[in-house]
Amino acid sequence: MPKKEMPAGALVLLILRVLRSGPLHGYAIAQRIHTLSSEVLHVEEGALYPALQRILLQGWVTSDWGISETNRKVRFYELTPAGRQQLEAEMSGYDRVHEAIQAVLRTA
Amino acid sequence: MDKLLRRLRYLLNRRRFDDELANDLEFHREMAALAGGKPVGDPLRLREEAREAWGWTWIDRLGQDLRYATRLLRKSPGFTCAAILILAIGIGANVAAFGFFNLMVLRPLPVREPATLLHFQRQAPAGYASVLPYPEFDFFRRHTTTLSGLIARSRGSLQMEGDEKPLKVHFVSANFFTELGTSATLGRLLDPTRDEAAGADPVVVLSRGFWQRRFGADPSLPGRIIHLNGKPVTVVGVASDETSSLALEIPDLWIPVTQHPHLVAGSKLLTDYSVESAGEEVWGRLKPGLTPKAAEEELRSLAAALRAEHREGIWENETLPSEPGGYVTSILGRAHHGTGTKDPSEIVPVASLIVALVLLILAVACGNLGSLLLARGVAREREISIRVSVGAGSARLIRQLLTESALLGLLGSAAGLGVGQLIMSGLMSATSTPAWLDPSPDWRVLLFCASMGLFSALLFGVTPAFQVVRQRHRATRTRQILISAQVAASCVLLIVAGLLVRALTHASADPGFEYRQVVTIDPELGNHNYSAAQARTYLDTLQGRLRSLPGIEAISLSSAPPFGNKTITMGSEFDGRVLKIRMNNVDPLYFETLRIPLRRGRNLAAGDPNSLVVSQSLAELAWPGQDPLGKPFDVAGRQHTVVGIVANAHVTSQQDKSAAEAYFLATEADLPSMVVLVRTSASPESLVPTLSSLAKALDPRVMPDVQLMKNSFQRRLQGTQYGVLSVGILAFIALFLACLGIVGLIAYAVSQRTKEIGIRMALGARPANIIMTVMRQFAQPVGIGLLIGAGAAAALSQVLRKILFGLGPLDPVAYFSAIGLFTLTVALASLFPARKALRVDPMQALRND
């Protein structure tokens with residue numbers, strides 16, 4: 001299966017979404033997106049970490065030290081209430097755009 | 001808002017956040033390696049890209065650029081020193097000008113709550129005055145509800161027992177020191193509850209300087225009695241040094257104004273409603289929450305109420321405009337009053353001229369530095385092209401070059417601060433300003449200095465940066481514009497300096513009368529309560545004794561002798577035109593004493609009090625095209641008739657171009673205020689002690705002020721001499737900088753065109769041709785610069801009118817000599833690099849590439 005590039009803007013949405021179920025470290029975020037997309041979507045480090053910094057700056061997530069499964073100190077990212085709101089807003093927005101695109105693709 | 005806070009938090013904990021990010025990435029790699037993936041990309045670069053989200057990368061870049069710029073500047077110390085020196089001159093002149101402005105206008109006086117202090121003047125359709133009659137002040141003080149206190153101060157002099165010279169005294173209301181919050185060095189200061197009443201024991205407060213000079217800083221002085229004008233007065237204390245005394249010159253003594261009648265025999269200061277003789281300068285302390293307007297309104301209605309009782313003293317529709325009293329500007333002016341409207345301030349045009357001149361110096365400095373940077377750009381060609389080829393964008397390069405300029409600008413402004421302080425303290429010690437006027441820079445000066453540095457960095461840095469980055473420094477257009485700008489600016493400075501020099505020689509020339517051999521004796525009889533008859537006796541006896549001295553050619557009396565402190569100006573209307581006329585009460589020998597020739601008619605004559613002699617200019621101004629002889633002339637309701645016309649005499653050193661003078665025969669009533677003028681054929685200097693002792697011998701109370709008229713004349717010119725000197729120095733610095741710029745440019749042009757010159761020489765061009773080829777391209781920018789400069793100088797010198805002593809602002813001598821001097825200097829200077837072109841060896845030049 002060839003690796004697909006992430007559509008622009010979707011990465012933030014996906015990160016927020018995978019964080020909804022609980023705090024994760026960076027590598028886990030990438031992995032979760034990779035597995036949940038049936039290994040279609042691949043998140044590169046060069047995209048993930050700048051995106052995470054932007055989300056931190058927006059105040060949608062906070063970071064805190066935790067211990068990884070390999071027993072190593074690493075930062076875990078956690079959704080804030082503001083992030084949760086942002087996720088809802090982006091998801092409904094995305095749904096509407098997605099349906100609209102689907103509608104065009106079906107009928108045209 | 002939260003976003004901004006997070007951003008700031010990131011900035012403050014940058015190192016920690018960075019480490020955390022590095023740890024994240026490292027962990028990611030470890031995990032990926034465990035999963036069997038290969039690491040992609042450079043971790044450092046990844047980190048940098050991630051960090052960029054926080055928006056602080058510019059700080060890192062700035063730090064980088066600054067470090068690089070520092071290293072570069074350190075590598076070429078010659079260039080750096082020259083650049084800093086040029087900037088220090090340009091910025092220093094500006095800092096000094098701003099420093100004075102700051103001292104005069106922005107920085108409050110060292111008094112308590114300067115913001116609520118107001119300074120009042122009198123204004124009415126009938127006239128204006130900077131002083132109020134004491135009764136008016138007293139009336140205001142008793143009735144005001146908008147001011148919490150009023151301060152009055154009048155200047156005077158008193159004679160202390162055993163002293164040669166009279167002492168400078170400020171007669172003040174007793175609340176003077178408490179209102180201003182001045183502290184005592186020793187003893188106590190004036191106390192409104194004890195010292196105000198007219199019947200209180202007379203007390204005096206000494207200035208610190210006087211206490212040290214006269215009493216050797218004797219700490220036991222308070223309580224001692226000194227004799228002033230023969231009256232005992234108790235010393236109560238010494239005021240501290242930082243007292244601003246609301247005047248630029250600190251007096252020797254402060255005495256409650258209520259003691260004035262006690263100490264000065266015949267004083268009517270406290271009861272007199274006229275401000276002709278003396279009056280009070282008045283300050284008020286505004287009550288909290290009120291505006292100056294409210295106080296002005298109240299004083300206006302109080303003045304109207306007082307006028308109901310004292311019609312002769314208070315003017316019709318009198319208003320009392322206020323100005324902020326807590327700043328030096330409010331204490332700059334001398335006491336003045338007159339009829340008609342007040343003259344517009346003379347400070348504004350002079351200040352704008354200074355601003356223009358110092359900005360010109362900055363322009364020359366920046367233009368010069370700009371050329372220097374361009375030339376340096378050539379030397380850095382390799383460096384720049386290497387940086388471009390390894391991928392530096394032009395925005396990044398321009399930023400780097402501008403950072404260098406900004407660093408130079410800041411270094412230059414630091415040096416400029418030093419130069420500015422030097423200029424200020426030099427000028428201030430030369431003009432003996434009081435100690436409390438502190439020239440040390442405050443935050444305003446520092447801020448101004450730093451912004452001046454950055455501003456000039458923009459001026460000199462932007463164009464060269466773009467040119468260098470585009471590698472277009474071979475285009476001489478920018479250089480030529482820079483040269484034109486420098487030429488124009490230094491040309492303006494030279495022309496203004498030339499105008500001032502011309503004005504000074506013009507003013508030092510014949511003022512219309514012979515003053516060098518004249519000595520004035522001012523016995524100030526009026527201050528010693530002489531009656532008219534007593535004054536007559538004194539003056540007659542004095543003149544009699546003077547006549548017996550050898551070498552005396554003429555003796556006369558005048559109420560307002562030339563170059564003196566007294567001038568009487570009157571506004572008078574002729575056919576709807578208002579003329580400002582200087583009045584002088586004289587005796588018939590006045591014209592002979594000063595050698596003012598009689599042009600027509602006859603001289604004044606004793607026993608003919610209604611005759612009047614006018615100067616030629618007044619005759620032309622008042623009765624153009626008519627015969628002035630026999631014309632009527634009203635002064636204070638008395639009818640006079642013009643009987644004679646004399647030549648113009650510029651009695652205030654030619655500042656008054658019109659020289660509109662009216663000479664009246666002095667009456668008995670004028671005698672106590674008369675000054676004696678003595679013309680001698682001997683050396684006037686040797687006469688001074690004799691005259692002094694003669695005048696004193698007649699009445700030991702009299703302390704005559706004996707002056708050589710030529711010294712008074714020189715003093716009048718002193719301000720202009722300082723001006724000429726400073727502008728002259730500025731002009732020569734500008735000329736030097738402009739020459740340097742042009743020489744550098746020609747040298748560069750020669751080195752660029754070595755090959756061409758070689759070919760021309762090989763083909764047989766003559767030396768003159770070669771020099772012409774090299775110099776031709778500079779003739780145009782220099783010519784354009786000269787034209788612009790002359791035009792700008794013509795515009796600028798309009799504001800000079802006031803101080804040009806009647807010289808036209810388009811004086812051709814000044815213009816042509818300035819332009820001539822400039823062209824000659826530049827031509828001579830440019831011969832040095834041009835000669836280099838002649839030494840080019842054709843073979844060498846062609847082989848060498």
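Backbone N, Cα and C define each Cβ position, glycine as well.
Feature annotation from TrEMBL assigns domain 'MacB-like periplasmic core' to B:82-301, B:493-687. Taken from TrEMBL, the feature domain 'ABC3 transporter permease C-terminal' applies to B:356-470, B:729-842. The transmembrane segment annotation in TrEMBL covers B:79-101, B:350-375, B:406-425, B:445-469, B:481-501, B:722-750, B:782-801, B:813-834.
Residue counts for the domain 'ABC3 transporter permease C-terminal' (B:729-842) under DSSP, split into helix (H, G, I), strand (E, B) and coil, are 98 helix, 0 strand, 16 coil. As a summary of secondary structure, the domain 'ABC3 transporter permease C-terminal' (B:356-470) carries 97 helix, 0 strand, 18 coil according to DSSP. Remark: the transmembrane segment (B:350-375) contacts the transmembrane segment (B:481-501), by the rule of 3 or more CB pairs under 8 A. Cβ atoms under 8 Å from those of the transmembrane segment (B:406-425) belong to residues 66, 69-70, 73, 80, 83-96, 98-100, 369, 439-441, 445-446, 449-450, 452-457, 460-461 of the same chain, restricted to positions at least 6 beyond its ends.
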